[in-house]
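As given in TrEMBL:
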- 21-54: transmembrane segment (TRANSMEM)
- 74-107: transmembrane segment (TRANSMEM)
- 119-137: transmembrane segment (TRANSMEM)
- 149-170: transmembrane segment (TRANSMEM)
- 226-361: domain 'Guanylate cyclase' (DOMAIN)
Amino acid sequence: MPLNSFRIPVRPPLQGYHARIIAYLCVALTFAAAALEQSSGAITATLVIAWSLFYPHLAEWSNRRLAHRDSVKFRLLLLAIDALHCGVLVALIGFSLVPSMVFMLMLGFASSIAGGARYLIAAWLLAVAAALLAGQVTTATLNPAGSSLLNAASLIGGIAVIITQGIFLYRQGRHLEQAREQIGQQQQKSAMLAANLSKYLSPQVWESIFSGRQSVRLETRRRKLTVFFSDIRGFTELAEEMEPEALTDLLNNYLDEMSRIALEYGGTIDKFIGDCVMVFFGDPVTRGAKEDAEAAVSMAIAMRKHMKVLRQQWRSKGITRPLEIRMGLSTGYCTVGNFGAQSRMDYTIIGREVNLASRLESAAEAGEILIPHETWSLVKDTILCRDKGQINVKGFSRPVQIYQVVGLRRELGAAPEFVEHELPGFSMYLDTASIRNYDKEQIVVALEQAARKLRDKIIR
């Protein structure tokens, strides 16, 4: 059900059309009783009754014609007129205690709903001033006690007003409750839709859009980024050998694992093109050019390590081809932002560094990570690289100085955190930095069991 399928009351009940009709009917009933007992002049009573029956319709007509200009001020004007009416009516009824109290209570109820205690006090003060002024100019007879019929008529009218306003308040509460429920349903639908749409965007981009930090319009900016490209060496040949369903499962598994690592290191996933992954660091959130570059290269190293785990999983599924990942990175200024048309935008980057990173990825060997001099100068303190000299890169007029990433310096010392060994029938991948304390004993037990089986096995 759409949210606008019912009308939610937006005006306080006593300022509504029907509420004003009932309140002024109470006035008409009171003055009809006064006319019967001749406690008020017949002409005065007749005029008051006629005006009480006519005024609510006049107020509603004026409200519809004029309120659109400034609805708040117009409602305040109607409330002020009600207060003036109340004061004049109190004087015309001869300041009878019970009718006067009923009129003032009805006014107080309406004004407090409209604006709280401030409006209540202002309306009562205006009514008292109007009553005192009207008492000086009218010829109504003072009748503080009032007759039984007059008091009964005003009380009956007041009770009718209270009951009807209670019904109005109940209906308004029901409507608001329905609106709250439907707003909650709409919020749930919006949350589900946002969650589904977020899968088509990088989390950083999605968060910046939904938080309002980034506007959804065609605009770009220059940022110093580190760009990353990777693909699987030999994937084309593998695609020719495997069934489409099995190939799809393998590719989705690979992209899911690579995406998890990219997000873990704070990368913005730009796109997937087949088995190719494009990630960049430095927008929409940056930690500085140096830290962005270190995070990007560290991510590439982590991906290369994780490929050993994936190869073990794929081997258990009968995929014996030794699939390897190759990667290229580059650091420099790029144009980043929303490209495309007003009806279809793509948040991406363009520039020289994008082309260079892609070319280096194509030039890399299986399991190799290549970076240019700009990136190397930022990461050389924490990451060990090997100088590979200059190479000619398609699309670049001059040779490009490149470096091969060996690994993190902290993992290449006397006590490395990473241990790996792979032979036919044996594969071990151990990353002590990623092992949790409560898993340590289980790993030790598994290694001891494997060692016992290997010692007891007679190998021919």
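Keep in mind that glycine also has a Cβ here, set from the backbone N, Cα and C atoms.
Unlike curated records, TrEMBL annotations are generated automatically.
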Distant-in-sequence neighbours of the transmembrane segment (21-54), which means Cβ under 8 A and at least six residues beyond its ends:
14, 85, 89, 92-94, 96, 99, 102-103, 106, 110, 139-141, 143, 146-147, 149-150, 152-154, 156-158, 160-161, 164-165
If we skip the immediate neighbours and take only residues 6+ beyond the ends of the transmembrane segment (149-170), which ones have a Cβ under 8 Å from one of its Cβ atoms?
13-14, 16, 18-19, 22-23, 25-27, 29-30, 32-34, 36-37, 39, 93, 96, 98-99, 102-103, 105-106, 109
DSSP-derived helix, strand and coil totals, residue by residue, for the domain 'Guanylate cyclase' (226-361):
66 helix, 45 strand, 25 coil
